Amino acid sequence: MKYLTTILTLFFVFPFAFGDLRVGFYGSSCPRAEEIVRQIVQRRFNRDRSITAALLRMHFHDCFVRGCDASILIDSTRGNQSEKAAGANGTVRGFELIDEIKKGLETACPSTVSCADIITLATRDSVAMAGGPRYDVATGRRDGLVSRISDVLLPGPRSTVSAAQQAFAENGMSLDEMVTLLGAHTIGLAHCSFFRDRLNDPNMDPGLRAKLGRICRPKKGDPTTFLDQNTTMVFDNEFYNQIILKRGVLFIDQQLALDPLSSKLVSVFAGNSAAFERSFINAIVKMGNIRVLMGTDGDIRKNCRVFNK
């Protein structure tokens with residue numbers, strides 16, 4: 001079946017460069033790098049299992065703007081509004097975890113491990129901790145030298161399948177890979193402001209609609225709910241079963257099950273968790289290599305929030 005075909009051509013698609021990326025890149029320069037990342041992520045995960053969703057979102061928002069170069073981590077200054085200041089990034093979180101990891105790595109191996117690789121490795125580790133697949137990722141990315149609010153153009157929760165597909169295509173990702181990566185919403189959270197306009201949508205299960213109406217009733221604040229209402233903190237394929245039952249919280253999530261462009265693959269993944277995991281590994285690894293900086297390009301930041309002087 002075409003939906004289950006392993007993507008063999010990803011190494012030759014334009015936006016992706018693998019020349020200086022390799023698994024175990026820090027084997028000599030910082031042998032404990034991946035262990036340090038994993039240990040710090042594990043400590044955070046033990047306190048807050050939602051960190052997996054936060055890291056996945058950070059990874060996506062970073063890679064889809066200027067490539068996977070950690071530009072999302074840069075703080076704004078008086079002279080520059082960085083990507084962090086964009087509305088689409090307003091609820092991105094986990095920055096303090098990246099800071100903690102960077103501090104540990106700088107102690108062990110100063111100016112060696114990039115912030116871009118930290119995001120990639122931390123995301124990989126957190127997915128496994130949440131019950132998802134374990135996979136290898138190549139490292140050797142370098143950090144970007146630019147971070148501008150004006151560069152942030154991301155598909156949003158109210159996107160149609162066609163509009164989201166275009167955004168993914170612009171980053172070298174296919175429709176099938178888009179459907180796969182949105183499956184990461186199996187462990188995600190969303191604020192009411194992202195879906196309040198769906199509370200009268202006939203394409204939402206009435207029971208869920210009533211539940212969300214109660215959650216979002218408070219006039220103060222912006223409460224959250226789980227995107228997967230069943231196995232909320234487990235990385236699995238249940239998201240696809242939920243949207244087939246019209247229990248998608250976000251508009252784009254529900255549209256995956258309704259739009260003919262994506263509905264067939266949704267059905268495949270709903271009934272075959274192994275197929276979803278295989279596809280997820282291919283898609284997340286491919287996404288992590290969008291327009292990466294390597295060799296002498298970019299930099300290795302000492303502080304992930306600021307450019308080196």
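Every residue gets a Cβ built from N, Cα and C, even glycine.
Feature list (source: TrEMBL):
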- His61: active site, proton acceptor (ACT_SITE)
- Asp62, Val65, Gly67, Asp69, Ser71, Glu83: Ca(2+) 1 binding site (BINDING)
- Pro155: substrate binding site (BINDING)
- His185: heme b binding site (BINDING)
- Thr186, Asp228, Thr231, Asp236: Ca(2+) 2 binding site (BINDING)
- Cys30-Cys109: disulfide bond (DISULFID)
- Cys63-Cys68: disulfide bond (DISULFID)
- Cys115-Cys304: disulfide bond (DISULFID)
- Cys192-Cys216: disulfide bond (DISULFID)
- 20-308: domain 'Plant heme peroxidase family profile' (DOMAIN)
- 1-19: signal peptide (SIGNAL)
- Arg57: site 'Transition state stabilizer' (SITE)
On the 0 to 100 pLDDT scale, where does the domain 'Plant heme peroxidase family profile' (20-308) sit on average? 96
Residue among binding-site residues Ser71, Thr186, Thr231 with least C-beta crowding, 10 angstrom cut-off: Thr231
For Glu83 (Ca(2+) 1 binding site), which residues in the same chain are close in space, meaning a Cβ under 8 Å from its Cβ, but six or more apart along the sequence? His61, Val65, Ser71, Ile72, Ile74, Asn89, Ser147, Arg148, Ile149, Asp151, Val152
Which recorded positions are spatial neighbours of Cys68 (disulfide bond) here, meaning Cα within 10 Å, out of Asp62, His185, Cys216, Asp228, Asp236? Asp62
So among Asp62, Cys63, His185, Asp236, all listed as recorded positions, which is physically nearest to Cys216 (disulfide bond)? Use the C-alpha atoms. His185
Least crowded of the disulfide-bonded residues Cys68, Cys109, Cys192, Cys304, counting other Cβ atoms within 10 Å of each Cβ, is Cys109
Considering Cα atoms only, can you say which of Cys63, Cys192, Asp236 is the nearest neighbour of Pro155 (substrate binding site) among these recorded positions? Cys63
Let me know the most crowded of the binding-site residues, choosing from Asp69, Asp236 and counting other Cβ atoms within 10 Å. Asp69
How far is it from Gly67 (Ca(2+) 1 binding site) to Thr186 (Ca(2+) 2 binding site), counting Cα to Cα, in Å? 24
Neighbouring recorded positions, C-alpha within 10 angstroms of Asp69 (Ca(2+) 1 binding site) - of Arg57, Cys115, Cys192, Thr231: Cys115
Distance, His185 (heme b binding site) to Asp236 (Ca(2+) 2 binding site) (CA atoms, angstrom): 10
Inter-residue C-alpha distance, Cys304 (disulfide bond) and Thr231 (Ca(2+) 2 binding site) (nearest angstrom): 33
Nearest recorded site to Cys30 (disulfide bond) by CA-CA distance, among recorded positions Arg57, Cys63, His185, Thr186, Asp228: Cys63
Using only C-alpha positions, which one of Cys109, His185, Thr186, Asp228 is spatially nearest Asp62 (Ca(2+) 1 binding site)? These are the recorded positions in the record. His185
